[in-house]
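Residues annotated as substrate binding site in Swiss-Prot, with sequence analysis given as evidence: 64, 206, 212, 332. Taken from Swiss-Prot, the feature Mn(2+) binding site covers 212, 231, 268, and the record attributes it to sequence analysis. Look at Swiss-Prot and you will find 212, 231, 247-255, 296, 332, 448-449, 454 tagged as ATP binding site.
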């Protein structure tokens with residue numbers, strides 16, 4: 001048995017033996033048939049919806065499991081990885097011994113041995129010079145469908161000489177019975193070995209572990225080569241001008257980068273090298289909770305045959321209730337990027353970025369709707385990765401909840417955050433890019449900044465009119481803010497003007513400034529971080 005050069009002997013090199021059959025890079029048509037097979041049970045089986053997409057259930061894991069993430073600590077990683085047990089910063093890069101890795105690998109390979117396997121060969125990264133050739137091995141048809149959607153699909157010619165740089169073995173059906181004596185978090189695991197170039201998955205069925213696993217690997221490899229690795233969306237204008245949008249969930253990253261006047265490069269993961277900005281992925285992984293055709297026509301229209309829904313409620317007639325979050329608020333859909341019409345073709349890459357937009361949704365009502373950042377301020381706010389959620393009514397919570405996530409993606413960083421900031425600013429200086437902090441949150445009026453005003457701000461950034469505006473300095477945070485912008489309500493540009501008195505703003509600003517200062521202390525164990533303290537707020 002040999003399929004595209006994959007033989008039982010090749011799989012034996014990974015530790016997988018006695019394979020019954022190999023389904024290699026199956027077509028969407030075959031996957032559609034396989035994942036709905038009446039012989040499948042439990043989480044393996046998908047169901048067809050009225051929209052044409054197949055829906056699956058990922059079990060108790062409806063999101064990533066960061067506490068179960070491990071990296072083998074060896075000569076390759078010992079002095080490069082940002083470890084959870086070293087330094088000031090708390091992170092999810094938990095060290096794993098070679099001995100425990102060997103045991104976990106045996107668990108997964110035993111699970112996959114003797115089975116009918118689906119193998120997907122794909123690329124991570126649209127630039128051939130820095131892309132990873134990744135081989136995914138799974139016994140579950142819909143997991144093969146997920147990675148076919150999310151990663152870059154090679155041509156037949158590219159598959160002929162395909163040599164994997166990295167192997168992902170998904171043994172979702174197996175768990176680790178020895179986790180306690182090994183000092184691990186639970187019986188489930190997502191483990192990486194940078195020397196063997198392998199990712200192992202056990203116990204969790206969540207598809208995003210494969211997507212974000214490879215993002216984490218790119219986040220390790222690329223910055224060490226001087227290439228920026230970014231958790232951002234990106235688009236390009238008619239004149240070839242590229243903008244990247246950083247932001248945590250709920251800040252408007254997807255909404256604001258989706259613009260009828262600009263083509264989408266990608267919605268989530270990008271690199272920036274000597275040639276420009278490029279997508280890591282060949283698909284999109286969009287949230288679907290409360291999705292409607294009216295509010296998000298592009299995403300809604302992408303949910304059709306070949307798309308894969310996760311953890312949504314499917315009614316008896318096959319209709320999807322996107323408003324039902326009873327299983328999870330993190331309902332998702334994956335689909336190939338060409339399901340979105342206004343995209344960069346044929347390859348998801350463009351030139352160098354000239355605008356870098358850091359999005360925040362400040363529920364404290366302190367930050368201005370837009371400010372122009374210096375190079376040091378860019379690094380400071382990039383490392384801070386701030387956003388905040390409105391206070392809930394439960395348990396008497398009366399103040400907003402701040403979130404600080406390094407580089408707007410702390411969960412996926414394998415190196416110290418300052419390394420990502422340094423590489424980003426180096427790329428920005430080389431291209432003459434300017435950064436802006438855009439607040440899509442609230443102000444002193446208690447109302448959220450309108451999408452109309454925010455879009456006006458984004459337009460002013462992209463067309464350059466903000467750089468011609470008269471600027472003033474906002475105290476405490478020392479931010480340069482425009483006094484007026486075309487199409488934007490001038491009364492909101494200085495957040496102090498939205499309060500009954502400047503003293504009210506000052507009190508809140510001092511409080512938020514202290515939160516920034518306290519958070520940023522964890523980066524001061526690196527010289528680059530300590531040097532940036534002066535670019536932050538002052539009390």
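Along the chain as shown, residues are numbered 1 onward.
Glycine too: its Cβ is placed from the backbone N, Cα and C atoms.
Projection of Swiss-Prot feature records onto the structure.
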residue: 64; record: substrate binding site; Cβ contacts under 8 Å, 6 or more apart: 190, 206, 208, 209, 212, 411
residue: 231; record: Mn(2+) binding site; Cβ contacts under 8 Å, 6 or more apart: 215, 246, 268, 269, 407, 408, 409, 412
residue: 247; record: ATP binding site; Cβ contacts under 8 Å, 6 or more apart: 232, 253, 358, 359, 360, 387, 408
residue: 249; record: ATP binding site; Cβ contacts under 8 Å, 6 or more apart: 287
residue: 251; record: ATP binding site; Cβ contacts under 8 Å, 6 or more apart: 359, 360, 361, 387, 440
residue: 255; record: ATP binding site; Cβ contacts under 8 Å, 6 or more apart: 296, 451
residue: 449; record: ATP binding site; Cβ contacts under 8 Å, 6 or more apart: 369, 439, 440, 441, 442, 443, 492
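Under the three-state DSSP scheme, residue 253 (ATP binding site) falls in the helix class. Shown in sequence order, 207, 208, 285, 286, 287, 288, 309, 310, 311 are the residues of the chain, 6+ apart in sequence, with a C-beta less than 8 angstroms from the C-beta of residue 332 (substrate binding site). One way to see the shell of the Mn(2+) site is to take the Cβ centroid of 212, 231, 268; the remaining same-chain residues with a Cβ within 8 Å of it are 211, 215, 269, 409, 412. For residue 253 (ATP binding site), the Cβ neighbour count at a 10 Å cut-off comes to 22, with all displayed protein chains included. Neighbouring residues of the recorded substrate site, listed in sequence order and excluding 64, 206, 212, 332, comprise 63, 207, 208, 209, 211, 285, 330 (Cβ within 8 Å of the Cβ centroid).
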